[in-house]
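Novice: Here it is: the structure, laid out below.
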Amino acid sequence: MVAISEDVAFFVQSDANLGAVEIATFLGLVLFGVSLSQGYTYFYRSAGDPLRLKIFVGILLLMESFHSFTASHTIYYDTVTRYKDAEINSYSLSANAATETLITVLVQCFFSHRIYRLSEGKLPISIACFTLAILRFIFGLAVSAESVIDVHRTPNWVVFVTKFNWLITATLAIGGSADILIAASMLFYLRKLASPTNMKSTTAVLNRLVRWSLQTGFLTSLTSLTVIICFQAMANLVWFGLYVILAKLYSNSLLASLNARPRRTLTDTSRSRRGGTISTDIDFEAMPAPVGISFQLAELSGSSGSAIESGPRAYSTHPSALVSKEQ
């Protein structure tokens with residue numbers, strides 16, 4: 001990391017410091033608007049989703065609101081309340097970092113559980129994803145706690161980033177690794193579901209989910225890597241500006257994946273409970289169950305002209321299961 005002397009005044013009112021955080025906050029507010037729009041779309045289309053998933057999305061949006069509030073308050077505090085002070089850290093900034101940590105662990109655990117369901121209960125990869133997510137959460141809480149303690153130091157920010165350089169770097173590196181593993185695992189299992197015999201609607205849904213998994217998973221991991229590079233190479237707050245945006249990318253990635261599913265209605269949920277569909281509950285979408293179609297074949301007798309009906313024959317729309325349903 002670029003050396004920062006504790007004797008050198010850290011001029012917060014500069015383009016590379018306060019300017020970077022201001023720009024990131026404005027971009028974060030734009031992404032917050034996107035999150036609200038996606039949240040509205042989800043609740044409008046989520047009649048068939050379980051209540052716990054709706055509560056989960058509601059909590060995520062509330063945390064996003066608090067995250068945006070703390071980022072905005074940080075800018076106000078530094079530019080209005082104490083504009084003459086060369087101090088950076090504050091309780092609102094520390095709360096912003098803590099909220100980002102909570103949002104990150106919720107999203108990463110959600111996708112880890114989705115991988116567990118997609119893999120049909122196979123534990124190794126899902127456990128690895130959960131482990132990285134929990135480690136990222138623990139390290140993130142440690143960073144947030146040290147940030148709160150650092151508020152009363154003088155100068156408060158310089159000592160923090162110098163002393164806990166390794167902790168911040170480890171937090172971001174673990175988070176980026178978790179994002180890469182989750183995105184790669186999602187891609188692998190979604191591609192396994194693809195089949196030439198799938199209906200066009202099913203194929204379109206799978207392709208859309210694959211595309212969103214790649215775009216969102218690798219976008220968050222690339223952002224984490226960029227934050228690490230800026231943190232190690234630049235003695236300013238550009239890295240923290242990108243860190244503010246990171247939480248918005250996580251929440252938008254989850255909401256986008258939920259909205260990429262086909263719309264579920266209460267009728268679909270009722271059919272799922274009766275066995276009409278195979279539901280993967282909160283972490284994936286309801287996929288059509290293989291349904292056999294029974295029909296009667298009439299063979300005409302050449303001599304008598306009477307029709308002799310053959311027994312019902314079942315044909316399945318899914319190659320892995322042939323199920324006969326009597327009409």
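Every residue, even glycine, has its Cβ placed from backbone N, Cα and C.
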Novice: Please identify the range among 78-102, 303-327 that TrEMBL labels region 'Disordered'.
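Specialist: Per TrEMBL, the stretch marked region 'Disordered' is 303-327.
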Novice: Considering only the recorded stretches 23-43, 88-111, 123-144, 240-258, state which has the highest number of Cβ pairs under 8 Å to the transmembrane segment (55-76).
Specialist: 88-111
Novice: By a Cβ-Cβ criterion of under 8 Å, what residues six or more beyond either terminus of the transmembrane segment (164-189) are in contact with it?
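Specialist: Residues 1, 104, 108, 111-112, 114-115, 118-119, 125-126, 128-129, 132-133, 135-136, 139-140, 142-143, 146, 209-210, 213-214, 216-218, 220-221, 224-225, 227-228, 231-232, 243 contact the transmembrane segment (164-189) from elsewhere in the chain.
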Novice: Does the chain bring the transmembrane segment (23-43) near the transmembrane segment (240-258), so that three or more CB pairs sit under 8 Å (pairs 6 or more apart in sequence)?
Specialist: yes
Novice: Residue list, the transmembrane segment (240-258) vs rest of chain: Cβ under 8 Å, 6 or more residues beyond ends.
Specialist: 20-21, 23-25, 27-28, 31-32, 34-35, 38-39, 41-42, 46, 57, 60-61, 63-64, 67, 71, 96-97, 99-100, 103-104, 107-108, 110-111, 172, 209, 212-213, 216-217, 219-220, 223-224, 226-227, 230
Novice: Residues sitting near the transmembrane segment (88-111): Cβ under 8 Å, six or more positions beyond its termini, same chain?
Specialist: 10, 12, 17, 56, 59-60, 63-64, 66-67, 70-71, 73-74, 77-78, 129-130, 132-134, 136-137, 140-141, 143-144, 147-148, 150-151, 153, 155-157, 160, 175, 178-179, 182, 186, 217, 237, 243-244, 246-247, 250-251, 253-254, 257, 283
